[in-house]
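Step one of this worksheet: look at the structure below.
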Amino acid sequence: MTKILGSDPVKRGMAQMQKGGVIMDVVNAEQARIAEAAGAVAVMALERVPSDIRAAGGVARMANTTIVREVMEAVSIPVMAKARIGHIVEARVLEAMGVDYIDESEVLTPADEEFHLLKSDYTVPFVCGCRDLGEALRRIGEGASMLRTKGEPGTGNVVEAVRHLRKVNAQLRKVINMSHDELMTEAKYLGAPFELLLQIKTLGKLPVVNFAAGGIATPADAALMMELGADGVFVGSGIFKSENPEKFAKAIVQATTHYQDYDLIARLSADLGEPMRGVEISELAVQDRMQERGW
């Protein structure tokens, strides 16, 4: 069967090629080159990393197209970029620019509080965040080709990413072990398409890859998420807000690849300098929690 450009198999296949790797947020060409040299499988081009977006407040939008273009020209690995939830034109602009992936991201200020993008209408593949299986399947139903935990971006605190990944995986196990006649009721409970639950039961897993994101700040954090079953990791502020970005980037890539080699992770964690400053989640007001954006 001929594979059609923009079809689900093609778009999901692109995400499969990133499996086991690290995707790093970058704000300029120099950072993109550091990420590529460290072994990142892709970079996410944006104007400000999540911790700076959080600190600045106000409205966070799609990155200036000049930044996205400079990053695309600087590296040979895939380049992703963020669009606001529901912002059709930002997504179309990024698609026209030729980015490899679009992240419909809660890190940016949502443009639409009711509707997410219909991602199946685009040729470019999308990645979306999720906190549970219901969110995951709603995004896949809209056409997402890749998932990531929402976590709590820009905090350097991995606890929410752990919570979200564990919840998705627990709900997956529940669905896989259900009888077929129970799936429709579970679909109603989750607010998710029945056909996707049936697909999960048949496959024994999600139909797309699910990376960990939101608060990953150290090599041990990255290894933890892989240990818990993530297909790879996104690192936002954790690298370029650390004391030594080059060393942190290389160490996180190695820890992700060799996540059960604890002696290696111990060596990688030595003499790295200070990681990014962390934020306690309980100190954040609900309206300041990016994970609450979208549904």
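Note that the numbers count up from 1, one per residue, in the order the chain is shown.
Heads up, the Cβ atoms here are built off N, Cα and C, so glycines get one too.
Some features that Swiss-Prot has for this protein:
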- Lys82: active site, schiff-base intermediate with D-ribose 5-phosphate (ACT_SITE)
- Asp25, Gly154, Gly215, Gly236, Ser237: D-ribose 5-phosphate binding site (BINDING)
- Arg166: D-glyceraldehyde 3-phosphate binding site (BINDING)
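Cβ crowding, taken as the number of other Cβ atoms within 10 Å, peaks at Lys82 among the recorded positions Lys82, Arg166.
DSSP classifies Asp25 (D-ribose 5-phosphate binding site) as strand under the three-state reduction.
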